[in-house]
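Taken verbatim from TrEMBL:
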type	residues	note
TRANSMEM	71-92	transmembrane segment
TRANSMEM	113-132	transmembrane segment
TRANSMEM	171-189	transmembrane segment
TRANSMEM	210-238	transmembrane segment
TRANSMEM	258-277	transmembrane segment
TRANSMEM	284-302	transmembrane segment
TRANSMEM	354-372	transmembrane segment
TRANSMEM	384-407	transmembrane segment
TRANSMEM	463-481	transmembrane segment
TRANSMEM	532-556	transmembrane segment
TRANSMEM	627-646	transmembrane segment
TRANSMEM	652-670	transmembrane segment
Amino acid sequence: MSAKTVKIVFKTGDQKCFHTKGCFGPLKYYFNPITSICSALIIWAFVAWCIQSPDGSQEVTTRWKSWITKHWTWLYIGTQDVWAVFIICVYFSKYSNMKLGKDDEKPEFSNGAYFTMLFAAGVGIGLFYFGVAEPIFHLQPGQYGNRFWNRYTDNQQAQDAINVTFYHWGIHAWVVYVLIGLLLSFLSYRRSLPMTMRMVFFPLIGERVYGILGDLVDILSIICTMFGVCTSLGLGVVQLNNGLSRVIPSIEISETNQVILIWCITSIATLSVVSGLKFGIRTLSETCFGVGCLLLLIVYLADDTVFLTNLFVQSCGYYLQWIVQIGFHTDAFAMRNDAPDGKENPQWMDSWTLFYWGWWISWAPFVGMFIAKISRGRTIKEFILYTSTLPVIYTFFWLSVFGGAGISMERKAQNLNITCSMYNSTRYPMYGAENIWKTHHVHRLSCRTSSQMWFDVVEQYEGIGNLLSIISIIGLILYFITSSDSGSLVIDSLSANGYPDPPIGQRIFWAVTEGATATALLRQGGKDALRALQAVSIAAGLPFTIILNFACISLWRAMKMEYGDIKEEADGWKSSLLTPIDSIKGVKKIILNLFFPWYTLSKAVVKLDSLSSSGNRSKSKESFISCASLCFMFNGWIILLVLEFYLQNISYVGWSLFVFFLVHATKIRIQIREFYHLEGTLYEDFLITLLYPFTCVQIENQLKISNDSIEL
């Protein structure tokens, strides 16, 4: 990447990207044709595929999910930890007092409105769907089992069930929103750059973000946002259908009714997104947050309040105690499925943690951009506090109340010997008259589906069960609408190069596309809709994980530039990593270095040796060994890959040589960077060296341009 950074102010930066604008009758339009058309074609092609071949498409997406789990669990788990540590470092850094805007600028929204909007956008329907269901699944061997079969006491198992749920909704989850939201708001309000995902790379490659690379990033962001939001909508509509069926028995639980619900709520969400951020979405967010608080408070007081309070305090401490261990746990042994005692579940990671991380990451462009839009005027420290600490505490209390109530019901059902299949009769009664009242409104939740568990719990409270079900339905509808309209607003902005107020016609188009995608995913999954939604979330989150890694580098560099720790007028690399794609000659160099990178790197070693030796052109012994090693490692990699056809497992020796080659190439890039006093880090150098053909061309250009009088 180019380390050359130039402070540029773009008040109309969206127009630097490829765009078209005009009128079509009464409708105005302003969008990026490449970003909009490509993403729309991909999404609608997926919709058509799911509707035309639901079984075939589900089989393929399930294979995607299994492949990602098998090969990339370490990446999903490890990066979440890295991002969390990075954000903590930012919070305590000297940069955290900088404002997201002018130094004297005030926040655009009040603290209360700000928190409710970011929370409503960040959690969506998930807290209703998983608020009771997830702790029960971790407690008992339900559809996806748990990690804790027969290990210890029931009390310890219950505590671990709550703890795993906290982990999936805690700091590791919210950190992806914090990272994207902070970077985009910082660049937009401090540097006056357009608010779009392509700007993640602006501190690294400058104005090249306005080209094809930026278009690709925005296309990926639109697709990730669409699938992430539709996963939530798909889960929500299944639960909403279940709740309506309980309140109004004539409403059947069916795929047809669920599709009707999707389109009814999509229509309402479209009206909200057309009305804009400050009125429609803000009002909805505050309303749905208020409904959620009302429901939470009633259940908290109606249940065993002392127990729920104890559980919340105890679980917070338990979470803090185990956060490192659980944060790095990848189920390495369990996924091998070879435990002699059989006490393992190899599908657990695939169905839970990886699904969550894929889901949260696929929501990162949407929620991150949305939070950035409402964060003007706040300091970096204040931003991190509001977007991580406060939402996590509220979420933990929610999960303690509803999860605790669910676990209490499950344990009561166990003590009453209620099973998944049982009967009662007058001839052979299971319970006597003195005990039959104890089973009233008690369900063995581990025998129920996820969409049933929530309403089983809220209906247990005598006299107010139906009222709580109605409030839950209202909350589900409001969160459904909030997620849909917030997602549509962000996608509108992405398709228009970050333009803050896209025309109404485009907002309607993307809202309709969102409804169609949710319908397609629901139809694809059929009776097992959750599994289909999980597969798409995990697949959508993988490519965006790479972007989030670069976002860390970009944010740190942007803060250093703004603070003055990097001299913005200082010379950087003479050509950026992407310069070669601008010309046919450059493309030829890329192709050449794809097969012969060791030749360019060897020349660089000799040239660097001559420069650092004050004009001594003789090759040192170290340079010769370095050049020979580069040639041996790269060509050895190719040869051993070919020999795999004749000698099993020899290719792994080849891949080991390739890793050593990348490490050596990284070392050379670091030496060049240090020689010319260029900005960068070891982490950044290694990531860039993975694109070794581009790295080699950049190194060659740097050495040739810097000192033309010295021949290679």
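From the backbone N, Cα and C atoms, a Cβ is placed for every residue, glycine too.
Note that the structure is a prediction, hence the values are computed from the model and not measured.
In this chain, the transmembrane segment (284-302) does not touch the transmembrane segment (171-189); fewer than three CB pairs sit within less than 8 A of each other, excluding pairs fewer than 6 residues apart. The list of residues near the transmembrane segment (71-92) in space but at least 6 beyond its ends in sequence, with Cβ under 8 angstroms from a Cβ of it, reads 171-172, 175-176, 178-179, 182, 327-331, 335, 349, 353-354, 357-358, 380-381, 384-385, 388, 541-542, 545, 548-549, 552, 555-556, 559. Residues 58, 61-62, 64-65, 68-69, 72, 75-76, 79, 82-83, 86, 90, 176, 179-180, 182-183, 186, 197, 200-204, 217, 220-221, 223-224, 227-228, 230-231, 234-235, 351, 354-355, 357-362, 364-365, 521, 524-526, 681, 683-684, 687 of the same chain, all 6+ positions outside the transmembrane segment (532-556), place their C-beta atoms under 8 angstroms from a C-beta of that stretch. Most Cβ pairs under 8 A with the transmembrane segment (384-407) among the ranges 210-238, 284-302, 354-372 are made by 284-302.
With respect to Cβ pairs under 8 Å, the transmembrane segment (258-277) is most closely packed against 210-238, considering the stretches 210-238, 284-302, 354-372. Outside the transmembrane segment (354-372) by six or more residues, the chain places 65, 68-69, 73, 76-77, 80, 117-118, 121-122, 124, 168, 172-173, 176-177, 179-185, 188, 195-197, 221-222, 224-225, 227-229, 231-232, 387, 486-487, 489-491, 493-494, 534, 537-542, 544-545, 548 with a CB less than 8 A from a CB of the stretch.
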